[in-house]
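Undergrad: Per Swiss-Prot, phosphoserine is recorded for SER54, SER73, SER75, SER169, SER181, SER188, SER212, SER232. Under the heading compositional bias 'Acidic residues', Swiss-Prot lists 74-93. What Swiss-Prot lists as compositional bias 'Basic residues' is 112-125. Per Swiss-Prot, the feature phosphothreonine maps to THR176. The active site annotation in Swiss-Prot covers HIS465, ASP482, and the record cites similarity to another entry as its basis. Residues annotated as active site, nucleophile in Swiss-Prot, with a curator's inference given as evidence: CYS532.
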Amino acid sequence: MKETIQGTGSWGPEPPGPGIPPAYSSPRRERLRWPPPPKPRLKSGGGFGPDPGSGTTVPARRLPVPRPSFDASASEEEEEEEEEEDEDEEEEVAAWRLPPRWSQLGTSQRPRPSRPTHRKTCSQRRRRAMRAFRMLLYSKSTSLTFHWKLWGRHRGRRRGLAHPKNHLSPQQGGATPQVPSPCCRFDSPRGPPPPRLGLLGALMAEDGVRGSPPVPSGPPMEEDGLRWTPKSPLDPDSGLLSCTLPNGFGGQSGPEGERSLAPPDASILISNVCSIGDHVAQELFQGSDLGMAEEAERPGEKAGQHSPLREEHVTCVQSILDEFLQTYGSLIPLSTDEVVEKLEDIFQQEFSTPSRKGLVLQLIQSYQRMPGNAMVRGFRVAYKRHVLTMDDLGTLYGQNWLNDQVMNMYGDLVMDTVPEKVHFFNSFFYDKLRTKGYDGVKRWTKNVDIFNKELLLIPIHLEVHWSLISVDVRRRTITYFDSQRTLNRRCPKHIAKYLQAEAVKKDRLDFHQGWKGYFKMNVARQNNDSDCGAFVLQYCKHLALSQPFSFTQQDMPKLRRQIYKELCHCKLTV
């Protein structure tokens, strides 16, 4: 039988006072084979617990009263584990700086200890972070922010922010302060990036549905000392959808802060759509009959005014926009009439009514505002030696100024449409001719005889304005086209001198004399300072195809979209 030794430290346990129940150490299981008794070792900082056979009672254990530490039936491994626990406990006592006879002090007499050491708090942070990370990797959550809640707390503590959940302190009795955590708000920017929503999801985001907190499900939860009991989805008072959406997310609240019921045909999923409110679903889908109570709540709406679009129409619109985005790299050349025409061809129905056309326009605008749908980065159009990027094609949007890349590639498309008739000069030709004379551009036409063509097109770019020189070779006329109707007499003179020098070099003396210059005044005039490049491209196209100038300033938005498509297809629409 092993002899037990009990220390006589001043901080050891004393017999419990009146009203405190005795606490006994849990007995350990007996081993069949007794190991040889090791030499007893005294622990630093105190003695051993009482002998189980002595009949003494052990007071109730409170932090940091040491536990009974020796048992004859314990093995060496258990003793080592016990020593490690006691060492951790001693570190905890040292960290808290507890005075002697701490357990016998009253609650009101206990002084407030200092904050624990940094090592223990770091270990707690690491454990919390690893737990959240494992939950993020290996579990499927039914909430949008459940995993990131723990992770957000960990990040906030690492950054030194105030955390409402304090450590267990003897002064507070281990109670958790009931203060909402600032690091776990649903609108916190430290949360996960929102999923890429589909077309209906973008509509929900516009109506404020996406910003509402997710609906938790499951048993009652307690967080920060507050008890919260969720309502059942089947409860009519809860206002939640009675079915789980395909992506596993719960329904969300409407813009008024109340849970809204969606009609049966509105709970569809296109691209991670979380939920659909009743007001949006009524605008998008037909056949959703509102009850008398809902109609009474909405006296401003006309009776029987339902949505003219169904879910298959919305799905078709999204597929059309996806295909358009992949073909043209952006939705710049897209018009609502084009989408309406495709819908009419597919469904054999009329979509040109104001109500349906307005909803199609709303779908297009919502699709454009979705992340990643503005343009396709890396989209390029290559034709011969020309390469157009999205930055070049973006000059055709709105009232942007066209650059030289767009001008030169479109001119080559015009020239290749009627190659035997037209020759198009580069946009840098006139600038080089004006600064360096004929010697600077004499090699530009070494492989072509311009006097065998019928029409020469020379774009002129002076400062920030585009204009055009058109040369009728047979009639020996030089015509200046300017959408702002400015009279630039130097341009025709420079071109006339170039033609005379080229005639001498190519030995075409019949074209050396007889050139006349004109200014074309009865042409379409621009009303702004940004559409001069688009006017020049239309001048080139109509002159090459021998078409009259039937366009005006009001046609420029449509013509810009047409030029964009022609550049992407590398072919003019004749």
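Including glycine, each Cβ sits where the backbone N, Cα and C put it.
Distances, neighbours, how buried they are, the whole picture for these features please.
TA: Within the same chain, residues at least six positions away from HIS465 (active site) with a Cβ under 8 Å of its Cβ are GLN484, THR486, CYS532.
Reduced to three states, the DSSP call for ASP482 (active site) is coil. Shown in sequence order, SER467, LEU468, ASN488, PHE519, LYS520 are the residues of the chain, 6+ apart in sequence, with a C-beta less than 8 angstroms from the C-beta of ASP482 (active site).
DSSP gives CYS532 (active site, nucleophile) a helix state.
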